[in-house]
Amino acid sequence: MQKLQIFVYIYLFMLLVAGPVDLNENSEQKENVEKKGLCNACLWRQNNKSSRLEAIKIQILSKLRLETAPNISKDAIRQLLPKAPPLRELIDQYDVQRDDSSDGSLEDDDYHVTTETVITMPTESDLLAEVQEKPKCCFFKFSSKIQHNKVVKAQLWIYLRPVKTPTTVFVQILRLIKPMKDGTRYTGIRSLKLDMNPGTGIWQSIDVKTVLQNWLKQPESNLGIEIKALDENGHDLAVTFPEPGEEGLNPFLEVKVTDTPKRSRRDFGLDCDEHSTESRCCRYPLTVDFEAFGWDWIIAPKRYKANYCSGECEFLFLQKYPHTHLVHQANPKGSAGPCCTPTKMSPINMLYFNGKEQIIYGKIPGMVVDRCGCS
């Protein structure tokens, strides 16, 4: 009897000791599972973020039709950037992106960049050198962006050096042509008279839309132009070949082309932040920093909000194509699960140098994730 009592006491003691330990182990195991799930979600989001950044690099080069990033140094950019009103306005009033989260439309989107403004700098031409020992300027090569779009505006910008006394300046733009019988090599394009006062130099724009359209129709007629801006004493004030201290004052062409609007349809999605515990498909913030890439050839924006999609796509949460849920129910083994992907993308405006050192201002489609969904 005494042995039985001792055994019972030992058994009860073991229950008292072992019981709480067992409960604590279950609690710790459950907590570890929850932490592991959260860590896996964070890791998954980090992987999606990294993949999105790499995809953006590839997309930008592809949509700009560049095989590699242009190799232009910061010093070269400072020399090439025109110090002209239209370019300063583009930079100063630059709309980094259009990200209206309240608008739930899904935009149809072309793949390649839709150019709005192209700034073309003059290049060297053997034809001009043949006409005179020191060509006065200028020969312009036109990219396919100009050739394959409707030109709505074209302006030649020239910089006139400052004057010490009030004077009248006679500006003349001449087009180089094939030699005529009398030896004539030029024909007039535009001429104008300006009154200048002492002070700083000025930028002057001249409409050359008609000439540009003719050049595009007949490329062989584009032999170059000459710029003259003579004051009352016969001094040429036009900066055609910048001297030291005149960097960024080269003549250039500003060409605007059309942009065709697209139709749209409706869609919806979830928005989250990096601290969110949402497990479903959601849009997360992501800032792309071009300076961190070493992409100095992008003038603006230096950074923009691209966003990315991440999260689970259970069929209960399916948003974009409800019929997929029915397909899965009919054949669960033969249908793949939905993925968390962008359902609404919007463009960004970009000012950049292309591979030919031309300055392009254009709209790049599909660079900002506005909505995410399961599809």
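Glycine too: its Cβ is placed from the backbone N, Cα and C atoms.
In Swiss-Prot this protein carries:
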- 1-23: signal peptide (SIGNAL)
- ASN48: N-linked glycosylation site (CARBOHYD)
- ASN71: N-linked glycosylation site (CARBOHYD)
- CYS272-CYS282: disulfide bond (DISULFID)
- CYS281-CYS340: disulfide bond (DISULFID)
- CYS309-CYS372: disulfide bond (DISULFID)
- CYS313-CYS374: disulfide bond (DISULFID)
Please identify which of CYS309, CYS313 has the densest Cβ environment, defined as other Cβ atoms within 10 Å, among these disulfide-bonded residues.
CYS309
In whole Å, how far does the CA atom of CYS282 (disulfide bond) lie from that of CYS313 (disulfide bond)?
10
Do you know offhand how many angstrom separate CYS309 (disulfide bond) and CYS340 (disulfide bond) by C-alpha?
6
If you compare CA-to-CA distances from CYS372 (disulfide bond) to each of the recorded positions ASN48, ASN71, CYS272, CYS281, which comes out shortest?
CYS281
Cα proximity to CYS340 (disulfide bond), best match among recorded positions ASN48, ASN71, CYS272, CYS374:
CYS374
Hey, of ASN48, ASN71, CYS313, which of those recorded positions are within 10 Å of CYS281 (disulfide bond), Cα to Cα?
CYS313
Counting other Cβ atoms within 10 Å, pick out the least crowded of the glycosylation sites ASN48, ASN71.
ASN71
